[in-house]
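Enquirer: Below you will find the structure I want to go over with you.
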2 protein chains.
Amino acid sequence: MPFSVKILGSNASVPAHNRNQTSQLLTMMQVPFLIDCGEGTQLQLKKNKIKAQKIDHIFISHLHGDHYYGLIGLISSLHLYGRQKDLNIYGPPGLKDIIAINLKYSQTNLNYKINLTEWEYGDKQLLFENQNIQIYSFPLNHRIPCSGFLFEEKPKKRRINRKLLPIDLPPSRIIQLKNGEDILDEEGKVKYANKEYTLPPAPSRTYAFCSDTKYDEAIIPYIQGVDMLYHEATFMEDMKERAAQTHHTTTTEAALIAQKANVGRLLIGHFSTRYKDLQPMLDEAKSVFEKTELALEGHEFSED
Amino acid sequence: MPFSVKILGSNASVPAHNRNQTSQLLTMMQVPFLIDCGEGTQLQLKKNKIKAQKIDHIFISHLHGDHYYGLIGLISSLHLYGRQKDLNIYGPPGLKDIIAINLKYSQTNLNYKINLTEWEYGDKQLLFENQNIQIYSFPLNHRIPCSGFLFEEKPKKRRINRKLLPIDLPPSRIIQLKNGEDILDEEGKVKYANKEYTLPPAPSRTYAFCSDTKYDEAIIPYIQGVDMLYHEATFMEDMKERAAQTHHTTTTEAALIAQKANVGRLLIGHFSTRYKDLQPMLDEAKSVFEKTELALEGHEFSED
């Protein structure tokens, strides 16, 4: 089962150069997760032909406007479109107050329920779990409480080797094989050895989202070895001091984090408006960590 | 001095059919006034090459999201662009709380001052006055407190008839003529009669903005005889009951208001998403009030 990340926006602070503010849609084990929601995200969803009503889970990293000003508009539109199923939101302390005050003054009683989990800043925290996936928050190092998110596929079952499988095997036996068991005959002897009729499980994929943060090696344990890492890279290396002052990261620093955490691929984003042409940012990051790509709006990055 | 209205959005409730939510820029006596600020208004300003920093006055009609969800993003971007001059906002009770809570959680100390006037619902109220213009709020009839806005140019000075004016007349004398005075000679006799050397003042223009409201003739006294009226027309006449239930207006009703108030021109907007093609709305309104136009995004309507 592949996962994919569709970039809906990746500009820092303000929309500029036809680049919107942070938002992306991760689809893992067929479940869509919206991560951050800058102003205009509902328009970006439309533009990318993503049905907003399919989204049941929204993650907000922190309460700087470029990461959440589109949330209340999306909540409101889902209501106006007639949504009835619950919407699950995972965000920083304070988000509940912000949503509540907007709904209060518009005198809106939503026709669906919001389940809002406000993560606590400071620890790795399990936010979501189903039979296939676990999602955690973990602390980043920014000016205000800010969390990264780690999306992990759980270990998968063994795959049936259909070429060798006896045609008449009933479904209950196939499940046994997928669960790693041998199939025994009536005398309790191994009839079909698991190893012979199955292949190893597909790999369990992992994705980590880190925005916004200053360069901080303390985040490495949380993202160690992920298949794909999104890490902010607001500035180029010559703006290193400015990056540190504003609690942001440079391209080189993001690449260093990727290298030290031994991740599979790196996506960089949250580009400062000062950079219209992003190629130099990519080149600089690649000089440290070759498997770097720009998190460009509309682009999709997937893993098998 | 002409005034002009640039439409930045005019769809109701949600963005659809490439139509954004309500916002428009009125420029009167060379001062730009932003009226309502749906999500993405800052992007619409960019698209229409309007410099956001030039805007010193923003009017918000009510606290339904499609009329103000873009305000906090605009406030935030003005800060990030380095604004230092005051921003004056005129809006409904509650707007101060909403802005404050967003700034609180983002730990933002704006580097400029917001002067926020919360109008009281119910009476005509003077919100703004300078030497050339007066702006009033007046009550509309909607589900939550909602104000219309009346923009009035003050009576203008007489215009010098330059064809007849003696070339050697000093500036102080010209001001006297503009003020409607005769110029006397040393003996106190009329040397230059005002009537001979001046033309009547240019007309003082008026613009009224009415969104959202149900059909209500009680608003007519506030907008009587304005040169241009923007009035919402969410539905067509066959949806009259739905319009009444939701405290909105039909095309025919908007045109009736325009007719009864004897306005110069009518702009209709706040189109329901159910109408992709707006021509039938225009036709229906024109059948009652010929001088009707669609408040289409990107269009500009001006008066000399």
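Heads up, the Cβ atoms here are built off N, Cα and C, so glycines get one too.
Checked TrEMBL, it gives:
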- A:H62, A:H64, A:H142, A:D212: Zn(2+) 1 binding site (BINDING)
- A:D66, A:H67, A:D212, A:H270: Zn(2+) 2 binding site (BINDING)
- A:D66: active site, proton acceptor (ACT_SITE)
Enquirer: List, in sequence order, the residues of the same chain other than A:D66, A:H67, A:D212, A:H270 whose Cβ lies within 8 Å of the centroid of the Cβ atoms of the recorded Zn(2+) 2 site.
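Expert: For the Zn(2+) 2 site the neighbour list reads A:A12, A:S13, A:Q21, A:T22, A:D36, A:G38, A:S61, A:H62, A:H64, A:S211, A:E232.
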Enquirer: Under 8 Å Cβ-Cβ to anything in chain B: which of these binding-site residues pass, A:H64, A:H142, A:D212, A:H270?
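Expert: Out of A:H64, A:H142, A:D212, A:H270, A:H64 lie under 8 Å of chain B.
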Enquirer: Long-range same-chain neighbours of A:D212 (Zn(2+) 1 binding site), Cβ under 8 Å, sequence gap at least 6?
Expert: A:A12, A:S61, A:H62, A:H64, A:H67, A:L140, A:H142, A:C146, A:E232, A:T234, A:H247, A:H248, A:H270
Enquirer: For A:H62 (Zn(2+) 1 binding site), what is the tally of other C-beta atoms lying within 10 angstroms of its C-beta?
Expert: 25
Enquirer: Taking A:H64, A:H67, A:H142 as the binding-site residues to compare, which has the smallest set of other Cβ atoms within 10 Å?
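Expert: Among the binding-site residues A:H64, A:H67, A:H142, the lowest count of other Cβ atoms within 10 Å belongs to A:H142.
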Enquirer: For the Zn(2+) 1 site given as A:H62, A:H64, A:H142, A:D212, which other residues of the same chain have their Cβ within 8 Å of the site's Cβ centre?
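Expert: What remains near the Cβ centre is A:S61, A:L63, A:H67, A:L140, A:R143, A:I144, A:C146, A:S211, A:T213, A:H247.
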Enquirer: How would DSSP class A:H64 (Zn(2+) 1 binding site) in three states?
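Expert: Reduced to three states, the DSSP call for A:H64 (Zn(2+) 1 binding site) is coil.
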Enquirer: Might you list, by sequence position, any residue in that chain lying six or more from A:D66 (Zn(2+) 2 binding site) with a Cβ less than 8 Å away from its Cβ?
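Expert: A:D66 (Zn(2+) 2 binding site) has long-range Cβ partners A:N11, A:A12, A:S13, A:V14, A:Q21, A:T22, A:G38, A:E39.
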Enquirer: Report, as a single number, how many Cβ atoms besides its own are within 10 Å of the Cβ of A:H270 (Zn(2+) 2 binding site).
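Expert: So the number of other Cβ atoms within 10 Å of A:H270 (Zn(2+) 2 binding site) is 28.
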